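S.K.: Following this message is one structure expressed as structure tokens.
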Amino acid sequence: MSSVKRKQPPASLLQRRVRPRYEPEPESDIEEMSDAPSEEGTGYDSEEDDDQSGGEMGSGSDEENPQEGSDLEDEEDEEDSDDDDTPQPAHQLSFGALAKAQVALGDRLSKRKSRSSNAASEADSATNNDNKFSLEKNHKKPLEKPSRTSKHAPVEMSSKRQVSRRRDFLLDPTSTKPQARDPRFLAPSTMSATSKIDEIKARKAYAFLDEYREKEMQELRVAIKKTKNPEDKEKLQKALLSMESKKKAQERKDRAQKVLDEHKREEKELVKQGKNPFYLKKSEQKKRVIVEQFKGMKKGQVDKAIERRRKKVAGKEKKLLPFARRTAEDR
């Protein structure tokens, strides 16, 4: 057999020392490791033997390559420093180190709290600024009313109306509907002075309706005599009484208007003669109307009318008076 020479590895690789990597383990693992010291011991012994053999083999080479030996020593120092930097388990630390660590943690927490409080204060200030801006936006200055071009120009009225403060959702919806204000359908009492003149004109223009009402009243009287049902008879009597009362009220109005027309006609003739006009007060108008009413009555009718009027006035005054208090004699 031909002898084959094997290539030997370089001396630098043989002289390099290999150390196991140290990793921190929890306490439970430490107990397991204490149970099997023999295995770890064997491992370390084998590594020491390797180191010794490597040292013996490389003893001759150290003399030949001194620079390589110094490099290996530097690498070993760096590895030792790395091993020293690894964290130690908590049970191996001293009380002084633990106290320092606690103080350092407290400082960090206080710094974090101060940062968070500063951030919160900045956020609050930003929100306050936003609220102020929104309030300024909402509370705008009221618009100035446009001035008129001249004093003779008509006044401009706003079409906006303030919302009612009443809570109308509990009321009947028919009562909350907007009421129409057409002057053609308003009652005469709510109308102005011009409407009073229109009422007089309408009365003269529709005077023929009195004849129709008189015919209706005559028909009701005939129907009351013929009907035998008491309910129907009562309804017809109420309708007849209502029409008669409306007729009497209209006659009173016509008499009062006749007195005023007579006074106006006399005043116009006096003004033509060069005298100043004289306008009657309402109280004087009522007196003249009453006097004119009593002219066509007999003495007994006048006394009855006066008595009725006195009772009517006394009843109104009695309603205005407060109720009499009970005394000890009344008990």
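Start at 1 and count along the chain as shown; that gives each residue its number.
Using the three backbone atoms N, Cα and C, a Cβ is placed for every residue, glycine included.
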S.K.: Can you dig out which of the ranges 222-241, 242-261 TrEMBL describes as region 'Disordered'?
M.R.: 242-261
S.K.: Write out how many residues of the region 'Disordered' (301-331) are helix, how many strand and how many coil, based on DSSP.
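M.R.: Summed over the region 'Disordered' (301-331), the classes give 20 helix, 0 strand, 11 coil.
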